[in-house]
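Below: the structure, in C-alpha cells.
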Amino acid sequence: MSHPRLIERLSPGQVAVITAIDRGGLDPSTAQRLHELGFDEGVDVELLHRAPFGGDPMAVRVGNMVVALRCSMARLIEVELIASAAAAECQAAAAE
Amino acid sequence: MNVPMTTPVVALVGNPNAGKTSLFNALTGSRQKVGNYPGVTVERKAGKLALPDGRIANLIDLPGTYSLTPRSPDEAVTRDAVLGHLKGEKSLDAIVAVIDATNLRNHLRFVLELRRLGLPMLVALNMIDLAERDGTSIDIDRLSSILGVPVVATVAVRRRGLDALGVGLAGVLRGETPEIAASPEADVRLLQREARVIADTVTLAVGGHRKWSQRLDGIALHPVFGPVLLAMLLFLMFQAVFAWAEAPMEWLAALVSSAQGLLNGSMSEGPLRSMLVDGVLGGVGAVIVFLPQIIILFFFILCLEQSGYMVRAAFLMDRLMARVGLNGRAFIPLISSFACAIPGIMATRSIDSPKDRLTTILIAPLMTCSARLPVYAVIIGAFIPTTLVGGIFNLQGLVLFGLYIAGVVGALVAAWALRHTVTKGESPTFLMEMPKYQWPAPRDIGIGLYQRAMAFLQRAGGIILVSTIVLWALATWPKPPADWNRPALEYSAAGRIGAALEPIFRPIGFNKEIALALVPGMAAREVAVSALGTVYSLQGSEEDQAKGLVERLRGTWSLPTALAFLAWFVFAPQCISTLAVTRRETGGWAWPAFMFTYLFVAAYAAAGITYWTAKILL
C-alpha cells in the first residue's frame, strides 16, 4: 500500500507524522505562525473535519491542538502514516 | 534586597485562550469580558492586585499572542508592553506567563521565548482541572526546576490556586527567586523542540485527546449538519428575540402609558407636562420597552462567544468569505457586530492583514446591531401581522430574520466590491486555532448581560433623553398664531426642518416625520424611534398616547413607506459612535467619511427600490 503524503488524503482516525514542511512556499511570517501553532517535523497530525462545499478549509489535530487551515497551506506539509497505524489499517484491509 | 517603593507592574502574558482574562478578573475583581475565541482582549487592561505581603501591584491583562513576533495590531500591543516599548508605560517588573495545562507543548514554547527576556517570571499552569479530567498528570515541581521559575497550578474560572499565585508573585517581586539570564532570540523551531522535550519529561500520565470536543465538532463542522445548525442557531436567536420578549415588553409598555396617564391626570396642562409626557415618556419610553429583546439577543451572543462556537462559525464561513476576498476570521467581528458595531470594529484588531481589517471595519455597520432592533421591532409590530407560517414560525420573527440576512448579504456584497476597488490586494490565508468547547459560565454571562442592560439604560437616560428633549422643544416652539389651522407641529422649528428635508426623502417614500426623525437618529439609531414617539405623541390626543407608537404608525404610514423605512435601516449610516471609533481605528477622517457616504447611498437606493417595488406590487 502507498503512504499518503498529504494531510487531505488521510482518512478519519488515521494518525500520521509530519516529515517535511515546504517553508519556501510560505511567507516567513506565515511559516513562523504555522510553527507557533505546533506544526513541525516529527509531530503527529490527524485530519478531523473538512468544511462544507468542497472540503476547504479543514480542521487538523496537531499534537494536542486543533487548527483550522486551508488546503493550499496543508499541501505544503508532507506526512507519513505512523507504522502502527499503517499496520492496523493493512490488517483491517486484509480482513475485509 | 530592598523592596522597591514604587508600585510594581506585572503583566499576564500567554497564548490566546489560556484564560488570562479569567485569571485577571479573579485576581483583581474586575469584570472584563471573557470569551472562548482568539482575540477577545484586543487592548491592555489594568487592575490592582493586593499581594499577601501587603503591597499592591498593577496587574496588566494583555491580548493573547503566540509569540513576540506580532502578526496583528492586538499582538503588537502585547509585544510592546512586554518589551517596555509602550508609550507612557512603565517597564514590567515581572511577567505571569499563563499556560493551558491541556496544551503544554505549545504553550511552553512561548514561555521559553518569554524567559529569554530575562525578566522575573512566574508560570500559572491554568485549567489544571481540565487536564486532570483528561487523565493528564503533570509534575509541577519538575517543571518549575527545569524552567527555573515558580510554577503555580490554577483554575481561574473556579478561583483555585489564586492565593498560591499571590504568594509566588510576591516572592518573585521581592527577588527571592533566582535571576533569569537574558539570552538572544531563538528560532521558533528550536524553542518548539525544547518545549516538546520539557512537556514530555514533566507529563507523568498522558491523557486522551478531547474526544467529546471532537465529537461535538463532528456535528458542528459536519458538511451538511454544520451549516444547518449555524442557520438554526441564528434563526432561533431571532425567533426568541420576538417570542420570549413579548410579555415583558407589554409590561414595560403598560408601565410607560400608565405613567403618562398619571401625569396627564395629576399635572395641569403646560409645557412641563408636555415635556414629561410627550418628550420623556413618549420618546425614551418608546426605546426602553426594547430592553427585554436586547437582553435576549445579548444572551445568545454571549453564549456563542463563550462556548467556542464562534470559531466553528468562522470555519464554516471561510469558503464564503474567501469568495468575497476575506477569510473566515473576519466572520467573528461580524457576528459580534450583531450586538454593536463598536466592539465588532475593535475586535478587528486581531485580523493580521491591514486590508482585510479595513474591509471588515467598513462592512461591520451592515451587520444589524441591537440599536436597530427597536426600529425594526416598531415597524414590524405595526405593519407585519403575527401570522404563523408553516404552523410554527411567527411571520414577524421571519421578517426580522430576513432583515438580518439582508444585512449579511449587503455586507458580503460590499466586501466584494471594496476588495475589488478601494481595498484591493491579496488576502492572507485562513489559519486559526480552534479552542476546545467550554460551558458558558453563568457568572460571566450574568455580568455581561448586566453590563449590557446598564449600558442600554444609560444611553436611554443620556443621549436618547437629551436628544428627545431637544427634539420635543424644537417640535413645540415657536407656537403657531391663533389663525393657524394646520397641525401645530408644522409651524414649529422641527416642522420646518422636516419640511426642508422632505424633498430629499420624498422620492423614497419618506414623509416629513421620518425625515425629521432621521436627524436626531444620527446620535444613536434608537433615537429615530424615540423621535417618532415624541413627534406622534405631540400630534395626538391623550387617547392616542394610550395607544402607543405602534398603533399610531399603523394609521399614518402606508405599507410601502414602512417597508422602505426598514430597508433604509438595513444600511443606515446613522451612528456617530461608530464613525468615531472608525476614525480612531483607521487613524483619520477619510475612512469614516467614505463609510458614511457609501452607506448613505446604499440606504437611499435600498429604500427607494423597496418603496417603488412595493408600490407597484401592492
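Quick reminder: no glycine exception, Cβ is built from N, Cα and C everywhere.
Straight from TrEMBL, the features:
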type	residues	note
DOMAIN	B:7-175	domain 'FeoB-type G'
TRANSMEM	B:219-245	transmembrane segment
TRANSMEM	B:279-302	transmembrane segment
TRANSMEM	B:330-352	transmembrane segment
TRANSMEM	B:373-393	transmembrane segment
TRANSMEM	B:399-418	transmembrane segment
TRANSMEM	B:456-475	transmembrane segment
TRANSMEM	B:562-581	transmembrane segment
TRANSMEM	B:593-614	transmembrane segment
Segment confidence, the domain 'FeoB-type G' (B:7-175), expressed as mean pLDDT: 90
Whether the transmembrane segment (B:562-581) meets the transmembrane segment (B:279-302): three or more C-beta pairs under 8 angstroms: no
Cβ contacts the transmembrane segment (B:399-418)/the transmembrane segment (B:279-302), at least three under 8 Å, sequence gap 6 or more: no
Best-contacting stretch, by C-beta pairs under 8 Å, relative to the transmembrane segment (B:330-352) and drawn from B:219-245, B:279-302, B:373-393: B:279-302
Same-chain residues at least 6 beyond the ends of the transmembrane segment (B:373-393) whose Cβ lies under 8 Å from its Cβ atoms: 239, 241-242, 286-287, 290, 293-294, 297, 399-400, 403, 525-526, 528-529, 532, 549-551, 553-554, 557, 559, 562-563, 565-566, 569
